[in-house]
Each structure stands twice: as structure tokens, then as C-alpha cells.
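Only one structure is covered here, and it is reproduced in the block below.
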Amino acid sequence: MIIYNILIVLLLAINTLANPILPASPNATIVGGEKALAGECPYQISLQSSSHFCGGTILDEYWILTAAHCVAGQTASKLSIRYNSLKHSLGGEKISVAKIFAHEKYDSYQIDNDIALIKLKSPMKLNQKNAKAVGLPAKGSDVKVGDQVRVSGWGYLEEGSYSLPSELRRVDIAVVSRKECNELYSKANAEVTDNMICGGDVANGGKDSCQGDSGGPVVDVKNNQVVGIVSWGYGCARKGYPGVYTRVGNFIDWIESKRSQ
């Protein structure tokens, strides 16, 4: 998750706000969640250079869904993924990345179209307890306000932390309306577009993704579909500022066009 700094908000406004915290921490960790049990988030992978820096979601044996801000400026030959493990630093298997496909209209200023696909050099061995693909939502579909979705990752456990947890964590959050989310973020000069969804406890805070979770899955557990990608937010689990996630339903045609290459 890209994190906004309050002083930068006041002094430099949206242009600086949109700059991500660069690897090894463009993604956020899970705040207010708990350790994921074996089999709870089998679609989760760790995207790595020399170590973990972003999350991702298994779509099939060759394809990983992640955020464009995670792969911006990255070279495929220097990246790998670890899957089939609840730990980002050991266990499971590692596979090298063959190709990176970031959305052509990714806007690092507004953090819009924050979606990317990764193709692996060799196939993953799926249908294991901690290694399974997740489905995609219908084209153009949106999440319903109030519905619960699951966010997972190895991000920081609190804002300002600089230590990643060794084990995968997850949190269930409620979807917040796009209108309300836009009203909240207008105070920080940020815009929530139709390509984004929001989630969290607006009234109390305390549940969110944080640095180290970027690119990771937001899943409708009931339907086993990845409906979002961890993208950006203002701090971590702050009251009045829900997390903002890429709306996967708006990119189904784009995803399928890349997977056919």
C-alpha cells in the first residue's frame, strides 16, 4: 500500500502524495488482523527481489496479479515469487519471473489503473493446501457496500513500523462506498476513481493493509474471487481513512488480453 505522509500532504499536496514508498516497502502489512492459518489464503504469493517487497495473487499456474506500482521500474529477470508458504522468507517454492505487464494507463500521480500481471518462467504446482488459484469477478462487477472482504499480506503491523512479520496475516474488512471514500479523501486532496474500491472501519480505524502488503489480494471469500488489489491509503488503519484498492472487475478484458499473449 502506498502511504501518504501528513506533512507532505500539507506542504506539497497531491503530486508528492502519489509517490509510493519504494522497495523494499511499497506494500503495506496487515493492521488489526491475525495470523493466517494453513489453507486460508492459498492464492497469496510473495513478490521478491533480494527479499519480499510486494504481494500478489495466483490466477493460474503461470499468472500472478499484482499492483502496477509494485513493478514500476522493475526488471523481470531480477524478480521471483515464493508460493505455497505462510512465510515470505522460507518454505514453499520460488519461481523466477519471465515477463511483467503493467497497465499501459497506470497513473503514478493519481495511482489510477494500479494493476499489473506477472508471467512466470515455469508453472506453479497448484491444488495444494497453501497453493491454489482464485477466480476473477464478472466483467464490470463492483463490490457491495458493507460486504466483508479479506485482505492478506506480510506488511507492517502498524504505521511507522519497519519490521515485516515472518508469517502471513489476514484481516476481514467491510466495503465502504466510493462516494463516502471520496468525501473522506478530499480532505487529503486525493481522488478515489471508479477504478478503485475502499474498505475498512471508518468510524474506529484499526483494520487495514499497510506498508508491505501492496499488490496483494482483496478477496470475496464467499465466492472465491479476487475483487481488489492492495493499492494506496493515508497512513495505516487511521480513523476516517479506509484503505483504497484497485477494482479488479473493471480490468477483466485487460487481464484476459494479456493472459492470451
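Heads up, the Cβ atoms here are built off N, Cα and C, so glycines get one too.
Model, not experiment: these values are computed from the prediction.
Secondary structure at H69 (active site, charge relay system), taken from DSSP and collapsed to helix, strand or coil, is helix. Sequence annotations record features per position, and here Swiss-Prot assigns active site, charge relay system to H69 (among others).
Look at Swiss-Prot and you will find D114 (among others) tagged as active site, charge relay system. Sequence-distant contacts of D114 (active site, charge relay system), defined as residues of its own chain at least six apart whose C-beta falls under 8 angstroms from its C-beta, comprise A67, A68, H69, H103, Y106, N195, I229, S231, W232, T246.
Mapped onto three states, the DSSP output places S214 (active site, charge relay system) in coil. As annotated by Swiss-Prot, active site, charge relay system applies to S214 (among others), with the evidence given as similarity to another entry.
Following the DSSP three-state reduction, the secondary structure of C54 (disulfide bond) is strand. Using a 10 Å radius centred on the Cβ of C54 (disulfide bond) and all shown protein chains, the other Cβ atoms total 34. For C54-C70 (among others), the entry in Swiss-Prot reads disulfide bond.
Cβ environment of C181 (disulfide bond): V192, M196, C198, P242, V244 lie under 8 Å away, each six or more residues apart in the same chain. The disulfide bond annotation in Swiss-Prot covers C181-C198 (among others).
Among the features that Swiss-Prot reports, disulfide bond is placed at C210-C236 (among others).
This prediction places the mean pLDDT of the domain 'Peptidase S1' (30-260) at 90. The domain 'Peptidase S1' annotation in Swiss-Prot covers 30-260, and the record cites sequence analysis as its basis.
As annotated by Swiss-Prot, signal peptide applies to 1-18.
Sequence annotations record features per position, and here Swiss-Prot assigns site 'Required for specificity' to D208.
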Number of other Cβ atoms within 10 Å of the Cβ of H69 (active site, charge relay system) across all protein chains: 31
